[in-house]
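Take a look at the structure below.
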Amino acid sequence: MRLIVHPGAPLEGSVRPPGDKSITHRAYVLGLVGEGLTVVESPNPGADCGATLACAARLGAACDSFAAGVEARVEIRGCAGDLIEPDRVLECGNSGTTLRLMAGVLAAQPFLAVLSGDESLNRRPVARVIEPLRRMGATLTARDGDRLPPLVVRGGRLNGIRYDLPVASAQVASCVLLAALKAEGETEVTLPGPARDHTERMLRAFGVKVESTARNGSGPRLRLAGPARPRATRLRVPGDFSAAAFFLAAAAATPGGSVTALGVGLNPTRTALLDALVQMGARVEVRALPEAGEEPVGDITVTGPERLLGIELPAEWVPRMIDEIPAWAIAAATAAGRSRLSGAAELRVKESDRLALLAANLGALGIVVRERPDGLEIEGATVAGGAVRTGGDHRIAMAFAVLGTRAAGPIAIDDASSIATSYPGFADALTALGGRMEPAATSAREPASGGRRPTGPASAATSGPATGRGRAS
Ligand code: S3P
């Protein structure tokens, strides 16, 4: 689906983003292996979490979905640790989290399972999960010399291990902790840097003891004594900070822009984008709300200054804003002066090579960008209209969609269908904040400034109420 976003008035209003994607995945996975009925309120409605839920059902959990929007909930009756051998390939779609978390679960099951994904996922590394799971006692093989999916897992009896993660990946740490639930003895995982800690928090909500020791200037050391059985619980998923990030960055990038994201997860391992926007000169206000499922939650308002300033992003902030770099980069493109990103080589193995696509797309819109092996140098300037490619990556699509609202001309996005992997209601939310867009006819023509009149949202689904100047009354 091609999408054209037109420049217009500054984004203004409030938005309630969908449930957090990372937290929803974990709730489904722990619901699957847990004992009893897990109730997940306001889960993320995107296709990625749908893939995790479908895998859970295929592995023996009884799963039911109710209603939609903020009232939505999913109920999972778990298998109490003993899953059913799947009779076909487990499809993970575009979702790296599904594949890597499920690998940990399957490593402890006495049967064969195959995990596979779409074209993008089957290009993403799996050696990082194969290595620790083999050491625990599982048998795993993968395509291209054990580097790429499909991933074949023959699980069995596992032993606890001590393992130093080579990358600060929450997916890999979570994979090992999930395997550790059925392993004999203690598992200890050490991370080389900070990473989101949703698995640790949620394991505690499921009654499993996980010890996390902070280490100065480095990532935490995690300990879990196996075997341990998660007990089903009821939890409310906070709004997804990473989904809200696009609107918050767009507000920061526009003098007079002001966007409030309601009920958003404020886990400190995820929120460095706010620190970056403050350092660039934006006004950020956070109002705390009651916690949800062991996670801090609040409303966030970002207001754009007269002049946003380019910054050198401290490399140690990158892990705490790893999924927000596309949003930050569009703010940097509009800021006065140079911005620098380093320590972000991991972005090359996300849903796309995000460093390459950000550089190419910003370049196509008239911004001078120098691509480095582990980062970008962006010379902020007036962003021209033009055409961009998403490489099937939802976060690239959403970043350039919000940039379209404040560029000098329309931005045509070659394929916005990937947005549905995490945020099916994105186009409606952008419209409600005053964004103007149209699903474009598939043609090679580039948009001309002041071209066709926008016809409204490209997607029917909304993730919750959004109010702003664009909302039809
Ligand atoms: C995720 C962890 C991050 C992040 C991804 C979601 C998770 O990946 O980029 O979108 O839910 O654990 P890594 O753990 O590989 O850094």
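Including glycine, each Cβ sits where the backbone N, Cα and C put it.
Taken from TrEMBL as is:
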ACT_SITE  D323  active site, proton acceptor
BINDING   K21, G96, R124, Q171, R354, R395  phosphoenolpyruvate binding site
DOMAIN    6-430  domain 'Enolpyruvate transferase'
REGION    437-473  region 'Disordered'
Running a distance check here. Ligand 1 versus the binding-site residues K21, R124, R354, R395: which have CB less than 6 Å from one of its atoms?
none
Across all protein chains in the structure, which of the binding-site residues K21, R124, R354, R395 has the highest Cβ count within 10 Å?
R395
Would you mind listing, in sequence order, the residues at least six apart from Q171 (phosphoenolpyruvate binding site) in the same chain with a Cβ closer than 8 Å to its Cβ?
G96, T97, R100, L101, V129
Excluding near sequence neighbours, so keeping only residues 6 or more apart in the same chain, what lies with its CB under 8 A of D323 (active site, proton acceptor)?
S242, A245, K350, R395
Protein Cβ atoms within 10 Å of G96 (phosphoenolpyruvate binding site), excluding its own:
21
Over the residue list K21, G96, R124, Q171, R354, R395, recorded for phosphoenolpyruvate, what is the maximum interresidue Cα distance in Å?
19
Based on DSSP, name the secondary structure state of R124 (phosphoenolpyruvate binding site): helix, strand or coil.
coil
